[in-house]
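**Student:** So TrEMBL has the following annotated:
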type: TRANSMEM; residues: 20-37; note: transmembrane segment
type: TRANSMEM; residues: 58-83; note: transmembrane segment
type: TRANSMEM; residues: 103-124; note: transmembrane segment
type: TRANSMEM; residues: 131-148; note: transmembrane segment
type: TRANSMEM; residues: 168-189; note: transmembrane segment
type: TRANSMEM; residues: 222-240; note: transmembrane segment
type: TRANSMEM; residues: 252-269; note: transmembrane segment
type: TRANSMEM; residues: 276-295; note: transmembrane segment
type: TRANSMEM; residues: 310-331; note: transmembrane segment
């Protein structure tokens, strides 16, 4: 029994030092808050889960895309307008040129991957900081979006938005399957040498180069992978809205960065997993829902209590800020402890992983 308890303690300590620990704690707390405010009978329903995923799958996917870059110490603040690019291409090509919508949607993904490749070239080979490169790309892509679609317009085929909001067997949302496929893709990548190179370059680019890794190639591949996932997210956003808007996705860029940090991914790179992206985006989704239900309860409990939605945004954004601060400090402590552990192993003559 003592051995079992000791193993449980060791596993907990190992998880406590994991990158996703803080994100898991934040997500768990806001999940319990949401259940308490909504009531278990309302929260644990297939329709509630389906609605949450339907509205927030684009954010979850774009956070996973951003995570690929942040693991290398890079960020792409133009991801939001890239979502809009997919949207306008998917809507306008069938509407104006008669292109079959499956072809138009595939071209939307390819267009975003092309933008990602351009970004990757400037960052990886021209050595322009990713923040500056993506900042410039915002205005370029935004201009393209407005040229293609000057105002909100258009619709998607009915079969598309009906399928997007559908549930398999009346239980499993299609959106859950989409997120699961991308997560399984991450699990596959994690078993390859490429992800080892990602963590090596993100941890220390000079040391990675000295060990024979090509940092530029690793970064370019990361941008292409992120571009592909962003393309899928853009299609989900289009299916969710069932219409076109050249400015639709702008807010997702900064939200995805915040979600990654909340989940435990370090801005400096080399620290984090895709689970961090899931916990971080889940926290963002549920905190907004929790604040909404909190104010809804106050309306009932306090007669005459009325506030605008700006107050709800202020409360939710303040909580997010506190979460960001807590996550950043915790991540720094975890990384320091991890490095100290490695140093002790090396001094003791132990091999890593034993």
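Note that Cβ sites are derived from N, Cα and C of the backbone, with glycine treated the same way.
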**Student:** Does the transmembrane segment (310-331) reach the transmembrane segment (58-83) with at least 3 CB pairs under 8 A, where each pair is 6 or more residues apart?
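**Tutor:** The transmembrane segment (58-83) and the transmembrane segment (310-331): touching, no.
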**Student:** Let me check one thing: do the transmembrane segment (222-240) and the transmembrane segment (58-83) come into contact, meaning three or more Cβ pairs under 8 Å with sequence separation of at least 6?
**Tutor:** yes
**Student:** Spell out yes or no: are there three or more C-beta pairs under 8 angstroms between the transmembrane segment (20-37) and the transmembrane segment (131-148), with each pair 6 or more apart in sequence?
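**Tutor:** No, the transmembrane segment (20-37) does not contact the transmembrane segment (131-148).
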**Student:** Under an 8 Å Cβ to Cβ limit, what residues of the same chain, 6 or more beyond the ends of the transmembrane segment (252-269), are close to it?
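**Tutor:** Hits for the transmembrane segment (252-269): 19-23, 26, 58-59, 62-63, 65-67, 70-81, 83, 138, 201-203, 233, 275-281, 283-284, 320, 323-324, 327-328, 330-331, 334-335.
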**Student:** Give the one range among 103-124, 131-148, 168-189, 276-295 whose Cβ atoms make the most pairs under 8 Å with those of the transmembrane segment (58-83).
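**Tutor:** Checked against 103-124, 131-148, 168-189, 276-295; highest Cβ contact count belongs to 131-148.
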**Student:** In the same chain, which residue numbers or ranges, 6 or more beyond the ends of the transmembrane segment (168-189), come under 8 angstroms Cβ to Cβ?
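**Tutor:** Hits for the transmembrane segment (168-189): 46, 49-50, 53-54, 57, 60-61, 64, 195, 225, 229, 232, 236, 274, 278.
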